[in-house]
Amino acid sequence: MTLVAFDFDGTLAESEMLDRIAARAGVGDEVAAITERAMRGELSYADSLRERAQLVAGLPESAAAAVYDGVRLRDGAGDLVAKLRDGGVRVVVLTGGFKPGVAAAFDAAGVAADGVVGNRLVAADGELTGAVEGPLVEGTKDDALRDACEAAGTTPAAAVAVGDGANDVPMLDAAGTAIGVDPKPGVDAHCDHTVSSMDALGRVLDDHGIA
């Protein structure tokens, strides 16, 4: 079975969930600057995620939920996911972002992934605590890709990875085919192809006999 592993924030969705949550908390500029440094590889993803999560501590959990509910896939992403799955391709999402936002975006598009690996912002007493938990805080996407491939009965060498940021590089390097969607500086060197839209991504996958 062919497997395509997608990053979410900046790839299947154009915006970064945590940046939008930070805007609600009044720390948007500070968090966006840390996000950009992390995506350029200037700061470890785990450190950047913890630092950003700390900045939104105290935000009502309901405000974060409202952000999750408003997350949407970028133009053409839902159609591409549906086409892949209809063709027997296994679609998984490997994200350092947050599973509730991924679920809301897929639900709004009327499509589903075969699997989602992501993180969550911890809340207590109705407020974000500033902590973040999940398999892709310290864990890396190459390991997540290997696990997804093993579950699907395939190998990373036979898989496609699609991402944009520095934290996607491990899975881009592990996959047989690596595709960047408007990749951040330095990430393009790890990509076999780069695209700027879901339509272009679909054409690349078509060329590989996948979509």
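Cβ atoms here come from the backbone N, Cα and C positions, even for glycine.
Going by Swiss-Prot, these are the annotated features:
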ACT_SITE  D7  active site, nucleophile
BINDING   D7, D9, D164  Mg(2+) binding site
ACT_SITE  D9  active site, proton donor
BINDING   E16, R52, T95, G96, K141, N167  substrate binding site
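Swiss-Prot feature annotations superimposed on the structure.
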{"residue": "D7", "record": "active site, nucleophile", "DSSP class": "coil"}
{"residue": "E16", "record": "substrate binding site", "DSSP class": "coil"}
{"residue": "R52", "record": "substrate binding site", "DSSP class": "helix"}
{"residue": "T95", "record": "substrate binding site", "DSSP class": "strand"}
{"residue": "K141", "record": "substrate binding site", "DSSP class": "helix"}
{"residue": "D164", "record": "Mg(2+) binding site", "DSSP class": "coil"}
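Inclusion criterion for the binding-site residues E16, T95, K141, D164: a C-alpha placed within 10 angstroms of the C-alpha of the residue listed as 'active site, nucleophile'; this criterion is met by T95, K141, D164. Cα of G96 (substrate binding site) to Cα of D164 (Mg(2+) binding site): a distance of 12 Å. Here N167 (substrate binding site) comes close to A38, M39, Y45, G96, T140, K141: these same-chain residues lie at least six apart in sequence, with C-beta atoms under 8 angstroms from its C-beta. Of all Cβ atoms in the protein chains displayed, 29 besides its own lie within 10 Å of the Cβ of G96 (substrate binding site). With the fewest other C-beta atoms within 10 Å around its C-beta, R52 stands out among the binding-site residues R52, K141.
In the shown protein chains, 25 other C-beta atoms lie within 10 A of the C-beta of D7 (active site, nucleophile). Around E16 (substrate binding site), a 10 Å sphere centred on its CB holds 21 further CB atoms from the protein chains shown. Sequence-distant neighbours of T95 (substrate binding site) (same chain, six or more apart, CB under 8 Å from its CB) are D7, F8, D9, V102, V116, V117, G118, N119, L136, listed in sequence order. All chains included, 23 other C-beta atoms sit within 10 angstroms of the C-beta of D164 (Mg(2+) binding site).
Annotated Mg(2+) site D7, D9, D164; additional same-chain residues within 8 Å of its Cβ mean position, judged by their own Cβ, are F8, G10, T11, L12, A13, T95, G97, G163, G165, D168, V181. Rounded to a whole number, the C-alpha distance linking D164 (Mg(2+) binding site) with E16 (substrate binding site) is 12 angstrom.
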